[in-house]
Amino acid sequence: MAKASLDTLPRSVPQKRTAGDLAKDLFVLSRFNRYNPLLATFSGVWATLLAGASKRIDHPGSISTEYVFKQALLVFVGGYIFCGAGMVWNDWIDLNIDKQVARTKERPLAAGRITNTEALIWMMAQYIASWYLIAYTLDGHNVLEAMIPVTISTILYPFGKRSFFKTIYFYPQYFLGFTLGYPSVIGWLAIKGQDQSLQDNIMESFALGTTVFTWVLYLNTAYSYQDIEGDKKANVNSVYFLAGSYIHYFLVFLAALVLGATSLQLKAQASQWLWGSWLSVWGYSFASQLSRFSAKDPSSGGTLHKENFALGVWTVFACAVELLLKS
């Protein structure tokens, strides 16, 4: 198993290093210098806004628009910090793999700019902070149910790249999809957690969670495909190896699943605005992305990833407008 010892340095840590250098490397280790952690916030924020709009329809005057936006902000910050902790965990477990892949070998741990101890202390600080924020957001209700599932899936994600999971046809994208999709439950709990049971909140957010799960499979498969040569050398398990030469058709299939699950959620919301601003925009974007993806050019997957991030940001706006329309 490719895992570093807690007391072993990945390489030699520079002898002269300022506190600013350490802070910068920890910032980069959590990917806070990139847009990637924001992907972990979309599901929870969308869910919070949609649940707020739904509650304003079912119980007019029972909840203010300002409160919903405040809860959405708390869910956003909690998810962002949690993702930072998950990035550190992933890099620690994948240390030896990252050294062999061109895109990852200069990450702070793989490059030896920080020690394992420093990384793990940073990881735990972020995890504790995210737990506190979610507990505060949910007013102490269903905190374990909100945090434990995503914690387990985050822990298992890097191990999903190992040969054991490959033998049972289980891929890391499944863990990642769950980790990024389950916060839809947290977002729903942030609005309706004290009004209805956990089971009801899960059921109402299930279609949205499925949307995000399949969306993550789609965008991560396209994105990680650019590492196919390095992953072959490192014997990394990934779902695009299952697709093989049919990778393009596989992405089309995943895009169809995303749109299907989205349709179920929007049907429950009963909003003409969301049908146009969400489903239509996503459908057009997927068609454009898939027309440009090439199995012969793995780097084309990187562009798809960025465009899907833009879709996520746009959908935050669409859900915010939906809330305002119901106010």
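Each Cβ is built from the backbone N, Cα and C atoms, and glycine gets one as well.
What Swiss-Prot says about this protein:
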type     : residues : note
TRANSMEM : 35-54    : transmembrane segment
TRANSMEM : 73-93    : transmembrane segment
TRANSMEM : 118-138  : transmembrane segment
TRANSMEM : 140-160  : transmembrane segment
TRANSMEM : 171-191  : transmembrane segment
TRANSMEM : 202-222  : transmembrane segment
TRANSMEM : 239-259  : transmembrane segment
TRANSMEM : 307-327  : transmembrane segment
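Using the rule of three or more Cβ pairs under 8 Å, pairs at least 6 apart in sequence, the transmembrane segment (73-93) is not in contact with the transmembrane segment (307-327). The transmembrane segment (140-160) makes contact with the transmembrane segment (171-191): 3 or more of their CB pairs lie within 8 A, with pairs spaced 6 or more apart in sequence. Only residues 6 or more beyond the boundaries of the transmembrane segment (307-327), in the same chain, are considered here, and those with a CB under 8 A from a CB of the stretch are 35, 38-39, 42, 45-46, 49-50, 52-53, 56-57, 65, 68-69, 215, 218-219, 269, 271, 273-274, 277-278, 281-282, 285, 288-289.
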